[in-house]
Every structure is written in structure tokens, then in C-alpha cells.
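Q: Starting off with a structure, shown below.
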């Protein structure tokens, strides 16, 4: 507790009646009723009831909170008019806090508080008092109830529920616009004094804001506060009790106030004139540059729409608003040409899209600027006079004839000369060529409409000074028809005439085709190359003709085939004609004219055997012959089949003898001593890879001398195999494990023990070092065991 609070408590102590100095005497209340009212009341037993007089006079006890003395705080005194001061009465206290918080002197009736009392914890206490006879313990007064009320002192300062408040108010608000209300609470008793009466005041934030003292409502105090000048304000509000008087307790809180934006600022271009440049070769839709008007507002209040309102380039350029950056993007609307126009002027306007009617007086909310666009010269490629060319030419023109000319120019002011060329990917056969200087296209090979009616060429134009910049143009060449092809038979005709045919009988209807395509359509004429006594041609005048007989009866024995040349001609200029020959066979027919046989040899065959049956018989004979040949081949192959079978050709394999010997004791199964010693003579053994033939007698070959070189030994064996008919094919590989006679240690193999007479001594292996000790023990031990046995 501060010194100020102590002084305040002392002042209150002086002003209020002190309960410690006041003796609360409880006497009998005299009966003020008239005697007529002090009557007798009869009960059910008929006895008269007498009303007793009340011996207590009660008032409330008052006690100040937050007592700071060292002794118990005196509350008051209980006294009964039955108390004569001789100590015969005993005072008893019960109820809230009796015996703990409040104690009573049972002889004198004095009540004390044992500790400090806080009214904010409990405002009053209800207790009961009684006076009894100390000896008989019988009450001399009925039990009565009284209240100890705690008097409040200003010991609690006002508090705000929030330490920091956040509020906002639109900028440019009028004076007195409500911002926010703050409310403080005081734990003191609002019904007693001014301890809980709070008054609000502003400590920081003037002169921009004010606060209502009674309600705590914060309001604007200045007109037209502009967010663009200052956006954030910090206001400190004080709440003070005791009605704001001196000595009252206070609490503070902070209110952060933000001015929200309104559209009170129009857009403004930072420059009156903006210069932009763009190459003339820029395609339509290319962005030239951007313009931006600044707006001090934020959010939707700063949104701007751009448009072109005037200028000499309104039809050449467009402008679009980019929402995220609020810029106006100027783009190309039509192709530009430096040689036509080099400078354009535009008047661009920027206007707010959301205008607040309250601030029309600050307008207008739009601005304009001048945009000058300079077109830069670019070395452009040549430009053809047409987007495409179509030339028509007859197929019979002479080589070198000009079929057409393409024209191109340099659009730049320099007007460089142009060089023309043909894209050979479009003229692989090199039928055409072009004059590089004037663009004339001429033929370099004969044309033929019947091979290709259209030729699609691509002509390239490039500046001589800058050949990298090129332009292409399609050239379509249509080949016109010339009557340079004679008509021919439409199909191959297989014509026959029956032996019993009569004169004037139709045996074939023919037609023709022509590769040419005359404007009036095809028209063919048919006639015989010469008068024929057997057949004639009758033209049907519809591009077909009929072949008729001129006599009765034909014989296969006399003439089996007739050749009839027919001349076919067209009616175009110049007239083209050709002669086609019909081959007419003489055949035997039935009575209905159906062909039965056209060969003269068919008369010699039995009547009941047809051509199909003869073919079947021949096929059966052929199959039988094939089976016999295959059987013989298989039998021969089985006779010489090798013992070692393989899925692949034996010529591609190495002959392997998978014969495992029986060890040292087996001297009959396999003896390779000869391979290691040419001096060893062995009898000729039969081969094990094929079945031996008795047709060839094995030959004994002389052994090689002791000094024979390995190469001589190998050559000798090779010669033997070359001359041996029973040897494997020449692609086989024969391996000879010959190691010569010059080894000091001779052979270490135990296989030679089967062919040698004497025993060998292996003690020299011990002299080779510790690595060969094990081997010496194996062979040396074996010999000792053998000797022992």
C-alpha cells in the first residue's frame, strides 16, 4: 500500500464514526403498547399466555477493510440488560467466521476481528449472539442475528480487459467519428462513496483523438486526417476512480488506431511525355512498352484503367491494363513499316475504376500523358509481288521455254538487288530452273502431263548484300494436255471362236483407253488394218467395237490360232492411232457355244481322263520320288553318324574325347605316353568318334626318331590325317599334347607309371623348397608303402 493510500485511509477514518469508540449497548426495549395490548392469550389448555419483553436492541456493525494495525480490530460490544456485571452471564457468538475471523469476550461481550478483511472477497458477515447463565447454561435472552458490514475503501485501481486495443477509422472522417469504446472495471464498492466511479481521459494521441469521460468512447478530434500523410496512431487512455479527483487510483491502456484508405487521390502520370521505340519487323501483338500512373491510394481505390483516347496511331496500337502491376501495356495492332511512317503519337488516359462520390470535389480522378512511338528501320527480307503464283504450260513446249516470272523487291530504303533461286527439295528431278537475276522460270527437261500434272515449286528470294534474309513463295505449275498418246486396248482380251461358228457371229467386244485428256472427252474409232476373210470389226460408236465372224466353220487341225490386227484412233488434233492385235483361238464348243477344249493334242487323250486328273497323277509320282531320295540319304547319313552327337555342324566343333582313365593301375584303357614321347611305339587303334569301317585297313605309321622336333611331329600327324579317308572333316581340331624330351625333371604325371618299368625317385622335390614338401611326401610315401608291401 502506498503512502497516498495510507493517508486516504486516515482521512476516511476521521470522517466516519469509529466503531471502536462506540459502545453498542443492547438494552431491553420498553413496551410502548397500551395496557390493553398487554393482554393474556389463552392456549388450548385454557391457561393465559404472557408475552415476554425483548431484551436485545440490534444494529449493524460496520468494519473498515484492510486494517493495518498490530492488534485485533475492534468490531463492537454486545450487552444485555440482564448483565449485572457480576460475571454470571456468558456471551456466545456463532455464524460466519465466528471463532476464527471474529472472536467475542464471553464476559464483556466485546467482538474483535482477528485479521485483515477484504471487502472484495466478502462484503458482509451474518452472525448470531446469545447470552446464557454461566451456572445453569440456560439462555437468559433468546438468540438474535446481526450483520457485520465491511466498509469499502479505495484500494483497487481501474483495470482494462485488454492491454492493447486495435481499431481503425476511415481517413478524411469528420470530427467526432466514433473509433472504438474502451471500458475499465473497478473492484471497489460502487454503492459506497466514489471508489468505483471511473472517469476516462486521454494521455497520448491529442490533438487527433478525444475520449468521452463517462463512456470511454474514442472519437476523431481533427477533420480530414489523411492516410497518405500518416497511417498509424497510438492513443493512451487513462481510467481514474474517485470521479477523477485527486487521490484516485488509475489504470491505462493503449489503443493502436489505423486510418483505412478511401479513394481521395486521383492517378497521376509522372511524366507528361513518354518515348518508346520498336523495330518495324515486330509482329502483331508485340509489347512495345508500358506506362504507369501512380495513385497514393491502395487496394481497389488505386485500380486504374488505361485507354488510348487520341493520336495518329489509334488504329496501329492497342493498350491493355495489367491488373497485378497496374500498368498499361502498349502492343502492336497492325504491321509497321519504317519506310511508310517513322513516328506515331498517342494520348493515353488513366482513370480510377472505383470513385467515391463523397470526394468528387477532389477530382477529376483521371490523368493523361503523351506517348511517342518511334519505328526503327530493320533490314527486311525481300517481298514478293504476290503471295503465290500459278503458271500453266503445255506439255509439248521446247526445253528452255520460260513458263512465268516471279517478282520481288527490297522493302528497305536501300533497295538492294534481289537474287532468286529454286528450292531443289521441291524439284528433285530438276525439271525447272530459274534465272537468278530476273526471276524467270524455264524448263530444263521435257514435261509429261501423263507422269505429273502439277508441279509445286518454292522460289527463294534473297538480297545480294544480305543473303541470310530470305523469303519464300509457292509457285504452282499446271501442265496442260497435248494429244501425244495413241489409244490402246483397255484390257488384254482372250478371244476364241468355236469350230461350229457361223458367219456374223459375235465373238468379242473390245474397248480402248487413252492417257490423254482432251477437253471434249474421249472418242475412239475402230477398224481393221487390212481386209480379213475370216473376221471383221463393227464400230459401235460408243468407244467400243464388236468382232464378228465372216464365214462358217473353223478347224483346229488346220489353223488353231488367228491374229487379227485392229486399228484404234482418236479424234483429237493431231490424230493419234495404234494397232492392237487380237489372238483368236479355235476351240471345240458344245451346242450352246460353251468352250470345251482349244488344244489339238487333247484329241489324242482318253476321253474319260481330264487335265486335272493327269496333274494329280504327276504330283503323286513326284512325291514318291522325293520320299525314296530322302530315305536313301537318311540311311547313308546313319551309316556314318559319329558317336558324339551334336545339335550343330561337326565342322564347327572341337572333337572332345571324354574318356576317363582308370588311374595308375589302368594300362589298357588309355595310353597317352606316345603323345609325350614320340619314341614310344603303339599299335594303330581305331577311332572312337566314328564307327570304324572295314573298307579301310589301319595303316601303321613309323615312329619319329628321338631328336624329332615338335613341329615335325605335328606335321607328320597332320599329313596322316590328310591322307586318312576315315579322318574327321578338315574343320576339326586335333590336339597333340607333346612336350618334348628336354625336361630335366621329366614328367611329374602319374599316368606314365603305367608304361615305365622302373620306379622313380621324387626326393628332388624336397630341394625345391617348402612349397613342394607336401608333394614330395605324397609321392615319396607312396613308393615306400609299395616297397613295404
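Backbone N, Cα and C atoms are what each Cβ position is placed from, and that goes for glycine too.
Unlike curated entries, TrEMBL annotations are predicted automatically.
I grabbed these lines from TrEMBL:
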type     : residues : note
DOMAIN   : 80-160   : domain 'Cadherin'
DOMAIN   : 161-269  : domain 'Cadherin'
DOMAIN   : 270-384  : domain 'Cadherin'
DOMAIN   : 385-489  : domain 'Cadherin'
DOMAIN   : 489-603  : domain 'Cadherin'
SIGNAL   : 1-22     : signal peptide
TRANSMEM : 603-634  : transmembrane segment
Q: Count up the helix, strand and coil residues in the domain 'Cadherin' (161-269) according to DSSP, in that order.
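A: Its residues fall into 3 helix, 46 strand, 60 coil.
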Q: Restricting attention to the domain 'Cadherin' (270-384), give the mean pLDDT.
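A: The average pLDDT of the model in the domain 'Cadherin' (270-384) works out to 92.
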Q: Using DSSP, break the domain 'Cadherin' (385-489) down into helix, strand and coil residues and give each count.
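A: So the counts come to 3 helix, 47 strand, 55 coil.
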